[in-house]
Structures are given as structure tokens and as C-alpha cells.
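Feature annotations, reproduced from TrEMBL:
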- 1-15: signal peptide (SIGNAL)
- ASP59, HIS170, THR172: Mg(2+) binding site (BINDING)
- ASP59, ASP355, HIS356, HIS431: Zn(2+) binding site (BINDING)
- SER109: active site, phosphoserine intermediate (ACT_SITE)
Amino acid sequence: MKALLVLLLAQLCSASLVPEREKDPEYWRWQAQETLRNALRLQRLNQNVAKNLILFLGDGMGVSTVTAARILKGQLQHGQGEESMLEMDKFPFVALAKTYNTNAQVPDSAGTATAYLCGVKANEGTLGVSAGVTRDRCNTTKGQEVTSILRWAKDAGKAVGIVTTTRVTHATPSAAYAHSANRDWYSDGEMPPDALEGGCRDIARQLVENIPEIEVILGGGRKYMYPKNVSDVEYPHEEKHRGTRLDGRNLVQAWHEAKPRGKVAEYVWHRQGLLALNLSRVDFLLGESLHPRVPWHQLGALGGPLACRGVLGQLQWPVILPRQALHEAVELDRAIGLATHLTSTQDTLSVVTADHSHVFTFGGYTPRGNPIFGLAPMQSDVDRKPFTSILYGNGPGYKIVAGERENVSAVDFAHANYQAQSAVPLRQETHGGEDVAVFARGPMAHLLHGVHEQNYIPHAMAYAACIGSNRGHCNAAARTATPLLLPFLSLLLLLLC
């Protein structure tokens, strides 16, 4: 009798999770037919020339992260979550990208950045160079440099920009402008003597020298721009924030000096400074915070003459901190929504993808609407302890208490800094090796379909925009293209207050 009562209660609870409209089969038939009608419209391919290119890059944003972020977005809007739609979900074309590096089954961010920005697969840990370069070997670099889609756009006379929530010299954005045998050579203070003697330049220096007319650069990591032991403008008494450069150069000053006569170049180092600018009178903007990671909501909206026709927008989140990671993924999606609202599919190709995944998963037979950061409705049938739905394959979340797995019900697993449990103890969680999604919208978006090598992405984008080496089709395309609706991409990202 007791077992029957429990079964009936479970069935009642399960039934209550299902919205009334979803109990009607006609709802699902209508939903499928509407989806079919939208799919049939895609037969009329958009073959316009893309005047604007936007690449949104979620660092570590694997498919499981996209799904979990979708659920969180819906739950933040007081829904159950699973039925929610991310902005990237609305993009009509989706592909998968194979993320392996030329020498690594599970990739790192430098080799993948070289692929999706420069169109060439590379060894792990190397930036903007071919697979002929060995990590840490400065003397293998010469002649192996490869250029990025940002360079191709600049050479075609376009305005370009980099906006990132990590340091500007981090592996992910720096492949847009740098060539390095080691992703960690942020300044010459991080380089070994043999690399300096061999004539290799640090990444921060290349930011200023390689493509001096990048219109917009926003991110973190300003200490790499200043001479060693120079006090930080915001934290002058903290030694760890002091400059790191050994050559004595002030690269912010060098950035100013490299700008054409008569052009206005502004440097800001906090949000208030950015908001105080009259952007209609600014030609070049460099914004660098102190911190290696800039909170996504602190990045600002840019408009007017700072229109960028080739944009890399990057998000990086803390691993093993699922609450922070997924909230930042939702913020990224808000920025994608803003860009979608402010641009036209007639002249703007927008692409959303990831460099690689992480060993992030969620499961445990959770019921519909279960809080994405919550517990699974079952206990382990081995150690009889509860577990959160979100787990990691490896990392610092592995914890043994009194010889057993930690009981998560005894800790605040809803805290922003909670480290999700992991199966294998590591000081740092690793990347994942599976394919990542590529979402595309706008001119020639249909070129991003199926399963591709990751280095295909910038070639498809360049073809759409008639930049780079593959331009034989461009004159005919320009004659038949639909008139452009927007003179330029007026905003990069939303100021999220």
C-alpha cells in the first residue's frame, strides 16, 4: 500500500510538470509544421555580400553548456527552462566544428584560435603560426606566420575590433594579431632569454605593432603594457599588479603614437572612463582593465564612427564554477540578441561558436523544470549520497571527506563560488575534445553546415564578405546583392547594467 501511494504521488508530480498545452498532440504538430515552414523558406539562399562580420566566441562553450545556459535563461524568466530559446538557437544554420590541434586530440585555446581566426590548424600552445612551429622554440617561427580574418578585413579597408572578457593578450583574442611560439609570452617579462635573443616579440608588443590601426580593443591585462614595477593606476600599492615589461616601454604611449595625425585615440581603464567618452569624436579606442578576466557586464556599447565591420567578441568563464559560467553564457546570449536587433540579415553575417568544450555535463534523471544548479532527484546507489545535476569529469571539485565523497547537501551548492564535484582530482579542470557548435545567420550563412574542420570557419566568413584571397566571385555577387540596409555595424556589445 505504501509503495502504491508513493507511485501515485510520483505520477501526480510528474503530470504537474507538463504544461497543459503540451498534453495536446496538436500543439506538437503545430510546432513541427511551423518549424517546417521556416525551414522551407531557407531554400531562398541569402547570397548577398556581407558588409559586416561578427564572430562571437564562447571560450569553452561546449554543447552541454549551451543546453544548460538555455535552461538557466528560461528559469531566470520564471519558466521551466527547457522550452526556452537562446538567441543563438534562432540562427537558421548550424554546423559542428572539429576542434583538435595538429598535435593534440583535446585542444588548447591557442591552437584553436589560430584555426578559427587564421584558417590554419596549428600545434597546441602556438599562436598565429603554422604547425611547423614547435611550442617554446622561437627559432622555428620565422616564415611560419599566418594572418587572421581581422588582418584580411583590415587590408580590405574595413574597420575592425576585438572585445573580450579575458586579457587582450590571452590566447583566444591574440591569434587575431600575434604570431608566437608560446601563448604565455604576454610581455617580454614572461619570455625566456633564448626567445628574446632570437628576436621573438611578446604578444602585447605585437598588439601595438602588428596591426596598429585596430579601431576598438577592449579587454583586460593592462600590466603587460607597462615597464616592470611601474605602479598600477588603480591599485598603486599592490605589487602583483605592477607592470611586467623588461624593455622599459610604455605600450599604451606607443599605441597613441602609432595613430595617424589628426585622428583621436582614447585609452580608458575603467567603465566610468568609457561612459564619459564622446564616442562620436573617437577614432580609436583601447580599453584595458587590470584583471585578467573582465566581468561581461562591464563591457560597453560602442557606436557612431567606431563602427566595426569585422568583430571578434569573446567570452571566457571560470571553469568548475557552474553558476558563474552559465550566467556569463546567458550574458553572452544577450549581447548576441542585441547585435541581431541592431543589424540586418541582408548585410551582416553573424557567427557564434566556441574554441573547445570543457568536461562539463549535467544529468541524473532530473525532472522537467529542475533548477539547473540543483540536486538530482536520486541518490547514488553506491555511496548513498546526493549529487548535483551539474558535474565535471575532472578538476578541483573532487573532494573526499572522512574517506568518502563529500555530501553536497551539507554545503551551499547554490553559492556562486561553489565548485561542482568532479570524478578525477586535478588542480585545474581540462578542456573537452568533442566537436563544438557553429551557429550562423546572414549572407552566405548556409556555407556553415554539416561537420567541418575548425579552420574552415574564417574562410567561409571571408568568402561571404569578399575579403582575403578568395574573391573571384565578388564582382558578380556585388551586382546581384540586395541593397544594404545599414551603413555600418553601429554597436559592438550592449552595456549591461
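A Cβ is built for glycine as well, from the same backbone N, Cα and C atoms used for every other residue.
Here the candidates are the recorded positions SER109, HIS170, THR172, and by Cα distance the one nearest HIS356 (Zn(2+) binding site) turns out to be SER109. Here the binding-site residues are HIS170, HIS356, HIS431; the one with the fewest Cβ atoms within 10 Å of its Cβ is HIS431. Long-range Cβ neighbours of ASP355 (Zn(2+) binding site) (same chain, at least 6 residues apart, Cβ-Cβ under 8 Å): LEU57, ASP59, GLY60, THR99, PRO107, SER109, THR112, ALA113, TYR116, THR172, VAL436. For the pair HIS431 (Zn(2+) binding site) and HIS170 (Mg(2+) binding site), the Cα-Cα distance reads 16 Å.
Counting every protein chain shown, the Cβ of the residue listed as 'active site, phosphoserine intermediate' has 26 other Cβ atoms within 10 Å. The Cβ of THR172 (Mg(2+) binding site) has 28 other Cβ atoms within 10 Å, all protein chains considered.
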